[in-house]
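Sequence annotations record features per position, and here Swiss-Prot assigns Mg(2+) binding site to Asp8, Glu57 based on sequence analysis.
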Amino acid sequence: MIHAIGTDLVELERIKSIGIDRFKDKILNEDEKNEYAKINHENRKLTYLAGRFAVKESLFKCFKAGDKTANYKDFSVLNDSVGAPYVVSKHTSDFVVHITISHTNLYAIAFVVLETKV
């Protein structure tokens, strides 16, 4: 059963204006920083950050419905062996989490569905 849904749209220019390194330190946890460190292309680093931010904001919208509290670093948004994103967090242990991330040259968007485990 669907517990909650969330979506978020991020302007890449907004992240650039804040500063990529500052933004990275604000939202990424250590596991994500390890993935991020392997990225060589600057534009890919930007879309990685924007995508992670969009997923985490989407998750916050989902948990608002369930009165859960969390911060950015409580969620690891990682990639599996074929590049599909997935979430690791103590806050999601009661749910199956479905996420998708997409981006263009200007924006990144994420959509999250929290499904109650049966």
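Placed from the backbone N, Cα and C atoms, the Cβ positions cover glycine too.
According to DSSP, Asp8 (Mg(2+) binding site) sits within a strand segment. Neighbour count (other Cβ atoms within 10 Å of the Cβ, all protein chains): 18 for Glu57 (Mg(2+) binding site). When secondary structure is read from DSSP and collapsed to three states, Glu57 (Mg(2+) binding site) falls in the helix class.
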